[in-house]
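S.K.: I'd like to ask some things about the structure below.
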Amino acid sequence: MGQRIHFVVDPQGWCCMGLIIFVWLYNTIFIPKVILFPHYEQGNISVVAVLCYYFCSLFCIASLFRASVADPGKLPENPKIPITEREYWELCNKCNMMRPKRSHHCSRCGHCVRRMDHHCPWINNCVGEDNHWLFLQLCFYTQILSSYTLILDFCHYYYFLPLKKENWDVFVFRHELALLRISAFMGLIILGGISRLFYTQLMGIFTDTTSIEKMSNCCEDISRPRKPWQQTFSEVFGTHWKILWFIPFRQRQPLRVPYHFANHV
């Protein structure tokens, strides 16, 4: 099952996503040049540390691009509603289209999204049923990459042996202190913000509640049966295989969700 491409025309979203790409490029270019490669050549770190950094960087940018262009669950103009499920659909009062319960109309994108969590300007896309798993992977790998970068910045000054001064006429070494301070500053800001967001997302999945439902206070504990956390995570990631929850290079296969768990938004 191929994943549809979804592109949102929003200058504000482009600026936010461009900022994220800039931070990613900055650390992916300068951290290996200033820390990883020189210390690897001197034997202070192993090739595994270098490969792990690039793998984290690759998974981070892959989940970013896939989350930003993936269809979050946009409803078609004339959806086919099975007869047995009509009672679980409702009319949107903004676009006058039928939609499943727990869907929401995004005013920025101009259409309804199945099980919409929120509209995220940092990926310039809605976070909905079909790309929520990619957004979670983005949060996870961003935390890993930011933490890894901060650890390397710390070890470079307080743990690793001093570097030889053979190439200190190169730009990155002449401005090493400034470059690493900028890297540490960006790492701290992003790690603090993304950790809070990731925690909120995890709590939402554990309780089977979207961010919009929390803000609208429409999810009472007695409104639907509580599902095990393994089931809610499997529904978000589209698979029961937990190892696949961490891999962005795959297609999500939606699991059938019983409608008696549906909630009204």
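Heads up, the Cβ atoms here are built off N, Cα and C, so glycines get one too.
This is the feature table in TrEMBL:
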TRANSMEM  12-31  transmembrane segment
TRANSMEM  43-65  transmembrane segment
DOMAIN    89-216  domain 'Palmitoyltransferase DHHC'
TRANSMEM  138-159  transmembrane segment
TRANSMEM  179-199  transmembrane segment
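How buried are the listed features, and what sits near them?
M.R.: For the transmembrane segment (12-31), same-chain residues at least 6 beyond its ends with a Cβ under 8 Å from one of its own Cβ atoms are 53-54, 57, 60-61, 64, 68, 121-125, 145, 149, 152, 172, 179-180, 182-183, 186-187, 190.
Listed as Cβ neighbours of the transmembrane segment (43-65) (distance under 8 Å, sequence separation of 6 or more from its ends, same chain) are residues 17, 20-21, 24, 27-28, 31-32, 36-37, 123, 134-135, 137-138, 141-142, 144-145, 148, 152, 160-161, 248-249.
The average per-residue pLDDT of the prediction over the domain 'Palmitoyltransferase DHHC' (89-216) is 88, rounded to a whole number.
Here the transmembrane segment (138-159) has long-range neighbours at 24, 27, 31, 34-36, 39, 52-53, 56-57, 59-60, 63-64, 67, 123, 180, 183-184, 187-188, 190-191, 194-195, 197-198, 201, 246, meaning same-chain residues at least 6 beyond its ends whose C-beta is under 8 angstroms from one of its own.
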S.K.: With Cβ-Cβ distances below 8 Å as the criterion, list the same-chain residues six or more beyond the ends of the transmembrane segment (179-199) that contact it, or say none.
M.R.: 23, 26-27, 30-31, 34-35, 136, 139-140, 142-143, 146-147, 149-150, 153, 156-157, 172
